[in-house]
Amino acid sequence: MAYTLDRGSYAAMFGPTVGDRVRLADTELIIEVEQDYTTYGEEVKFGGGKVIRDGMGQSQHSRQEGAVDTVITNALIVDHWGIVKADVGIKDGRICAIGKAGNPDVQPNVDIIIGPGTEAIAGEGRILTAGGIDAHIHWICPQQIEDALHSGITTMLGGGTGPAEGTNATTCTPGPWHIARMLQAAEGLPMNMGFFGKGNASRPQGLEEQLRAGACGLKLHEDWGTTPSAIDVCLSVAEKWDVQVAIHTDTLNESGFVENTTAAFKGRTIHAFHTEGAGGGHAPDIIKLCGEANVLPSSTNPTRPFTRNTLDEHLDMLMVCHHLDSRIPEDVAFAESRIRRETIAAEDILHDLGAFSMIASDSQAMGRVGEVIIRTWQTADKMKRQRGALPEERGQNDNQRVKRYIAKYTINPAITHGIAHYVGSVAVGKLADLVLWKPMFFGVKPDLVLKCGTIASAAMGDPNASIPTPQPVHYRPMFGAFGGALTHSAVNFVSQAGLDGEIAQQFGLRKTLLPVVGCRTIGKADMVHNSATPHMEVDPETYEVRADGRLLTCEPATVLPLAQRYFLF
């Protein structure tokens with residue numbers, strides 16, 4: 001006999017369905033379910049007296065006969081392509097299906113087969129997102145990986161060799177020897193990783209040897225001399241070898257102005273780091289680059305969002321990170337030239353307009369590695385409060401804004417760095433790098449982090465308790481982060497040249513190496529929900545920023561969500 005549930009009871013049992021709305025943590029952001037892949041009355045759920053039992057929701061199908069390794073049931077997927085309710089099937093470490101799970105022998109419309117070999121993860125009442133991608137990493141210490149993983153980041157791209165002065169300031173792993181050592185170090189770290197070689201050179205040979213050693217991209221940094229000549233050579237090498245170039249431009253305008261740097265690009269694609277400028281770049285108008293069709297602009301998280309404390313903390317950060325001396329007036333002037341209220345305020349609005357495409361950390365080098373996701377949603381919330389609903393929103397929800405902001409740390413850095421074939425969204429065929437959140441903790445504290453289908457991190461209670469939940473609950477590495485499972489739960493991204501040169505055998509690597517692909521054929525138009533190219537103007541005296549003639553300014557936030565309500569310290 002059929003039984004009708006009211007919406008509240010249904011949501012409590014199986015999670016929200018079409019038309020239901022969910023608040024994201026303590027923000028003003030509201031999402032609404034757009035589609036539900038289930039068949040009402042045939043939902044699957046694990047537990048005592050529930051559906052996933054032998055002969056009911058669990059079939060007799062073996063793995064060879066199509067049963068999945070893991071099913072995530074009734075999850076609310078939040079991704080750039082939609083906000084939908086679905087079951088998710090995982091097999092061989094990849095997402096194999098998004099749809100309806102169950103037993104095809106007794107249930108209709110089943111496209112994810114549950115069998116005796118299937119593990120179940122309860123997605124009811126929880127949000128599922130793709131693992132985040134942080135594409136601006138200074139590899140200063142390996143402990144960054146743990147903090148990032150616990151925050152929901154599953155891929156980290158950047159450069160460095162440890163706490164050397166070169167790494168503290170620049171995201172470069174210079175030379176084949178250091179690249180080999182970092183790839184070997186990555187063998188023991190449960191994170192997808194990729195390493196940028198140093199891109200500052202006026203001849204190509206020193207850059208090409210780094211790509212043959214497995215660098216997944218090149219980084220131009222002003223502390224190594226980002227001259228027009230170095231820019232041109234680096235981009236020429238990248239065009240030949242199909243890798244991305246990231247750039248930190250010339251704050252002091254010693255070798256040219258922003259117009260000279262733009263000319264040196266010659267229309268070629270480039271990832272512009274901290275395009276607002278507080279993290280470095282042509283003062284005061286590097287922000288103009290977000291209007292260029294070939295420039296893929298990102299922010300680093302210390303300026304996200306603009307608050308009453310943003311300016312005060314930046315000066316000291318900058319002095320430390322760039323090896324400056326407060327006793328030298330020129331060093332102080334260099335630091336002060338980068339910190340501008342007007343451009344930081346404009347950055348908030350440019351993110352909301354989709355003119356800034358990505359957000360990353362700048363880990364331990366004027367950025368916080370565990371706060372990429374938090375700062376992204378704090379920015380989205382601040383803009384909702386200050387600017388209201390986006391014009392393209394339909395209904396009483398913020399779906400379009402949420403899709404825009406989640407793309408900034410998932411699909412867009414994946415596209416930018418040639419890894420979107422593997423990661424960056426909840427999509428069939430991609431690695432099962434997935435994050436589950438309770439709505440009340442969305443963006444700030446994940447429940448589970450899966451790496452290639454294996455749980456690698458979780459909020460876990462006392463291991464000596466009789467159940468998993470007693471205090472103290474804190475993040476702990478799970479089985480996917482240990483032993484031989486680790487090298488099957490994470491990958492490293494390298495150049496095709498490195499793969500062709502058999503660096504796995506040369507360096508004794510066990511992690512899967514995947515080549516970056518398609519880095520040179522993309523542009524701003526490929527940045528999902530973040531492809532705007534406004535005409536940018538910056539007043540050199542007042543630093544006022546205009547986009548398409550409109551002054552961009554906003555007040556600093558005095559209170560933020562996802563902050564002290566969730567943390568003791």
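Cβ coordinates are placed from backbone N, Cα and C, and glycine is handled just like the others.
Of the listed candidates (LYS219, LYS288, LYS438, LYS445), Swiss-Prot assigns LYS219 to the same Ni(2+) 1 site as HIS136, HIS138, ASP362. Classification of HIS274 (Ni(2+) 2 binding site) by DSSP places it in coil, neither helical nor stranded. For the binding-site residues HIS136, HIS138, LYS219, HIS221, ASP362, a Cα to Cα distance of within 10 angstroms from HIS248 (Ni(2+) 2 binding site) holds for LYS219, HIS221. Between the C-alpha atoms of ASP362 (Ni(2+) 1 binding site) and HIS274 (Ni(2+) 2 binding site), the distance comes to 9 Å. Ranking the binding-site residues HIS136, HIS138, HIS221 by other CB atoms within 10 A of the CB puts HIS221 at the bottom. With every protein chain in view, the residue among the binding-site residues LYS219, HIS248, HIS274 whose Cβ has the most Cβ partners within 10 Å turns out to be LYS219. Residue density at ASP362 (Ni(2+) 1 binding site): 29 other Cβ atoms are found within 10 A of its Cβ, drawing on all protein chains shown. For the pair HIS221 (substrate binding site) and HIS274 (Ni(2+) 2 binding site), the Cα-Cα distance reads 12 Å.
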